[in-house]
Amino acid sequence: MAAAHDLEIEEDVNLNMETEMKEELEEEKMREGRADKDPFKPRKVHRIVSKWMLPEPVRRTYLERANCLPPPLFIIFISIAELAVFIYYAVWKPQKQWITLDTGILESPFIYRPEKEEAWRFISYMLVHAGVQHILGNLIMQLGLGIPLEMVHKGLRVGLVYLAGVIAGSLASSIFDPLKSLVGASGGVYALMGGYFMNVLVNFQEMIPAFGVVRLLIIVVIIVSDMGFALYRRFFVPANGSPVSFAAHIAGGFAGMSIGYTVFSCFDQALLKDPRFWTAIAAYLAFVLFAVFFNIFLSPAN
């Protein structure tokens with residue numbers, strides 16, 4: 001009798017546990033259904049972002065801890081600063097045309113110029129742009145790609161990749177195009193695209209092949225069109241304008257494919273414990289040291 005009584009108690013407990021589990025699953029399905037019906041629910045936004053930004057194995061981890069705290073402020077603040085500087089110079093020194101730089105903007109304290117010795121110009125050049133097409137192209141690319149990346153990886157990591165591309169761009173320009181000026185945030189934008197491109201390429205099968213093809217095609221189209229505009233500004237500038245270097249595009253892309261890839265592929269891992277990250281950092285620092293040595297002792301601009 002005692003054994004039968006114990007068996008009945010166990011069966012009741014198991015039934016209660018099964019009932020509770022079913023109720024929890026139903027509640028979760030109802031919550032997901034409500035989120036899917038409302039396009040403005042954050043959960044649905046995070047689900048879309050995860051499909052575009054992350055391979056399949058880590059999407060669940062992202063969705064479990066996804067939130068908008070902190071919000072993607074880095075890319076937004078950088079974009080506002082670049083737009084504000086552009087508007088300031090457009091009002092203070094109106095341009096006669098909107099394709100290449102007017103000679104007046106070349107006097108800006110932000111622009112990188114090889115004959116100037118202020119170190120901040122190696123970073124501040126990203127705030128100045130060469131016309132409406134230039135700034136619109138950069139803003140569209142960095143907002144469209146940077147905000148989802150920052151939602152997933154947060155501002156510190158995205159800022160690291162972006163600024164690594166900016167610095168690599170100006171240093172590469174000082175080496176490979178040492179007598180030309182440099183403007184625009186293309187180094188940072190190309191770093192974001194390079195890191196994302198490598199992440200999609202390496203995780204192609206896991207990031208939904210159809211979407212993968214679309215992403216790669218979009219990136220290729222953007223790069224080709226933007227590089228075409230950069231080459232035009234460099235080699236076909238009007239006689240009354242000033243040629244602008246395009247080396248930052250290439251250097252920013254390489255920075256993204258090295259540092260950016262390691263950062264964006266470590267979503268669920270400790271970045272500082274990944275040997276790939278330190279390898280990329282070591283290579284980047286070696287390039288920076290060589291560029292500094294070149295600018296001090298070998299640059300034709302001196």
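Positions of Cβ are set from backbone N, Cα and C atoms, glycine also.
Look at TrEMBL and you will find 69-91 (among others) tagged as transmembrane segment. Outside the transmembrane segment (69-91), and at least 6 residues removed from its termini, the chain residues within Cβ reach (under 8 Å) are 104-105, 108, 110, 126-129, 135, 138-139, 142-143, 146-147, 149-151, 154-155, 158-159, 162, 185, 188.
The domain 'Peptidase S54 rhomboid' annotation in TrEMBL covers 117-265. Here the domain 'Peptidase S54 rhomboid' (117-265) returns a mean pLDDT of 85 for the predicted model.
Per TrEMBL, the feature transmembrane segment maps to 122-147 (among others).
According to TrEMBL, the transmembrane segment annotation covers 159-176 (among others).
Sequence annotations record features per position, and here TrEMBL assigns transmembrane segment to 182-201 (among others).
Annotation comment: TrEMBL describes Ser186 as active site, nucleophile. Within 10 Å of the Cβ of Ser186 (active site, nucleophile) there are 32 other Cβ atoms, across all protein chains.
Per TrEMBL, transmembrane segment is recorded for 213-232 (among others).
For 244-264 (among others), the entry in TrEMBL reads transmembrane segment. Counting same-chain residues at least six beyond the ends of the transmembrane segment (244-264), those with a Cβ under 8 angstroms from any Cβ of the stretch are 100-101, 130, 149, 153, 157, 160-161, 164-166, 168-173, 175-177, 180-184, 186-199, 202, 223, 226-227, 230-231, 233-234, 237, 271, 274, 276-277, 279-281, 283-284.
Residues annotated as active site in TrEMBL: His249.
Residues 164, 167-168, 171-172, 174-175, 255, 258-259, 261-263, 265-266 of the same chain lie 6+ residues outside the transmembrane segment (276-298) yet bring a C-beta within less than 8 angstroms of a C-beta in it. The transmembrane segment annotation in TrEMBL covers 276-298 (among others).
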Are there 3 or more C-beta pairs under 8 Å linking the transmembrane segment (159-176) with the transmembrane segment (213-232), counting only pairs at least 6 apart in sequence?
no
Cβ under 8 Å to the transmembrane segment (159-176), counting only same-chain residues 6 or more beyond its ends: which ones?
74-75, 78, 112, 114, 121-123, 125-126, 142, 146, 182, 185-192, 194-195, 245, 247-256, 259-260, 263-264, 284, 287-288, 291-292, 294-295, 299, 301
